[in-house]
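One structure is given below, encoded as structure tokens.
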Amino acid sequence: MSMNKGPTLLDGDLPEQENVLQRVLQLPVVSGTCECFQKTYNSTKEAHPLVASVCNAYEKGVQGASNLAAWSMEPVVRRLSTQFTAANELACRGLDHLEEKIPALQYPPEKIASELKGTISTRLRSARNSISVPIASTSDKVLGATLAGCELALGMAKETAEYAANTRVGRLASGGADLALGSIEKVVEYLLPPDKVESAPSSGRQKTQKAPKAKPSLLRRVSTLANTLSRHTMQTTARALKRGHSLAMWIPGVAPLSSLAQWGASAAMQVVSRRQSEVRVPWLHNLAASKDENHEDQTDTEGEETDEEEEEEESEAEENVLREVTALPTPLGFLGGVVHTVQKTLQNTISAVTWAPAAVLGTVGRILHLTPAQAVSSTKGRAMSLSDALKGVTDNVVDTVVHYVPLPRLSLMEPESEFQDIDNPPAEVERKGSGSRPASPESTARPGQPRAACAVRGLSAPSCPDLDDKTETSARPGLLAMPREKPARRVSDSFFRPSVMEPILGRTQYSQLRKKS
């Protein structure tokens, strides 16, 4: 209750006094700014419930602090009321003076922003005009003076050329050039007679050229001579290439190579034409498919048909080249065509060279990204199994050849074989007696055979299982040898035991090789 008594007393003491804070808050600029801050605060507060709870807590804290400050400052305000009144009056007078000097304080923020924008744009426009107008006028003057100087120089050059041509020396020089050019034309006509097909259009062209002007100019004659020489050179080159190609096609094996070269050139042109497109994995599949199709078509077609098609293509290319050459009536056009062709070739080469590394890297990267780890591991496992199978087949073939072919020191024949005792097993007493012996005389009589067998088996197997079995039986004399059961007959026994010969490898290793293969 004491907190609300202070303002009521102040209002009772000064009922008609204006407050500076209220006037400042009522200004459009300040009120608009406060509204903007209030909207921002409300939107932030409504963004999340946690933020709203925190803001409410701070609001309550600030309200409590302000109430406490007002309650504590109430005695001071009562004692200094006269001083506060005087300061308020002075502040109100200053605010009135500011409103008179700056009327924009009474404008809304939107109006102030529009007026400020218009003022800035007009200032910038005036500054730009002040800079660009003198530059434009100066450049126009400079260009006019330059054009006038160029026209004057051209006029002087023309007058000088006409004067030099009308002099005696000029007439002699032009006559000498005309005589030399005429002699060159006669030599060219004598050495290079025109074709029958091209004689009619060339004569018609000469008639059309001679009709408007009796004597052609020197430049036109030079251009005609250059076109004639270039056309004859290209015709001669095309004929020589055609003759060489026809002769080379008679050589056996050249036709497939030429077709393969044409396919490679077409594929390279396709790659160069697609240099701006993205590098994708299906591009490789398309190239492979087109390669297979072209290869099948080429193998199906006969040699005569390919020769006829190539001759037709070459004739069409020659006609196109001749048309391009005849379409250039002046040396400027001929040189321009040559320069254009060279420039286009250089551009294609440079673009292909710059695109090739990026294409290769992009293709490799896409293949690596598109290939999963499981596919890589499965492919690797299949490759390893295939290599093991091939190795097993190779070892089996080598062992079979060594077994059947009577090579010196390689084919080992053991009459007392493991397979020989299957039908007639020995008695138990004989087994005991044989088990008490340290070693059999046959095994000691030929000590070099196991080494040779191991040497032969080193091509396929890392160890000698038969030798290990014999050493183990000799090293254990005390064990009782039980009669072995007769194994079941299999189809492969006829392959591994053609006679009493013992196979080089053991049965376990042969079974492993069969499983691998």
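Sequential numbering from 1, following the chain as shown.
Just so it is clear, glycine is given a Cβ too, placed from its N, Cα and C backbone atoms.
Feature annotation from Swiss-Prot assigns compositional bias 'Acidic residues' to 299-319.
The compositional bias 'Basic and acidic residues' annotation in Swiss-Prot covers 483-492.
Annotation source Swiss-Prot lists phosphoserine at S81 (among others), citing similarity to another entry.
The Cβ of T85 (phosphothreonine) has 14 other Cβ atoms within 10 Å, all protein chains considered. Residues or ranges marked as phosphothreonine by Swiss-Prot: T85 (among others).
Residues annotated as phosphoserine in Swiss-Prot, with similarity to another entry given as evidence: S126 (among others). Listed in sequence order, the residues of the same chain lying 6 or more apart from S126 (phosphoserine) and placing their CB within less than 8 Å of its CB: none are present. According to its DSSP assignment, S126 (phosphoserine) is helical.
The number of other CB atoms found within 10 A of the CB of S130 (phosphoserine), across every protein chain shown, is 9. The phosphoserine feature in Swiss-Prot is assigned to S130 (among others).
Here Swiss-Prot flags S174 (among others) as phosphoserine, drawing on a large-scale study or a structure entry. Classification of S174 (phosphoserine) by DSSP places it within a helix. Of all Cβ atoms in the shown protein chains, 13 besides its own fall within 10 Å of the Cβ of S174 (phosphoserine).
For T224 (among others), the entry in Swiss-Prot reads phosphothreonine, with the evidence type similarity to another entry. Cβ-based neighbour count (10 Å, all protein chains) for T224 (phosphothreonine) stands at 19.
Look at Swiss-Prot and you will find T301 (among others) tagged as phosphothreonine.
Residues or ranges marked as phosphoserine by Swiss-Prot on the basis of a large-scale study or a structure entry: S411 (among others).
Residues or ranges marked as phosphoserine in Swiss-Prot: S434 (among others).
Annotation comment: Swiss-Prot describes S440 (among others) as phosphoserine, evidence class a large-scale study or a structure entry.
Residues or ranges marked as phosphoserine in Swiss-Prot: S460 (among others).
According to Swiss-Prot, the feature phosphoserine maps to S494 (among others).
Residues annotated as region 'Disordered' in Swiss-Prot: 197-217 (among others).
Taken from Swiss-Prot, the feature region 'Disordered' applies to 285-321 (among others).
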Point to revise | Minimum Cα separation from S174 (phosphoserine), reported as the residue among modified residues S81, T85, T224 that achieves it | key: T224
Revision key, fill the gap. The modified residues listed are S81, T85, S130; by CA-CA distance, the one closest to T224 (phosphothreonine) is S130
Check your understanding: So what pLDDT does the region 'Required for interaction with CIDEC' (291-322) average out to?
Key -> 58
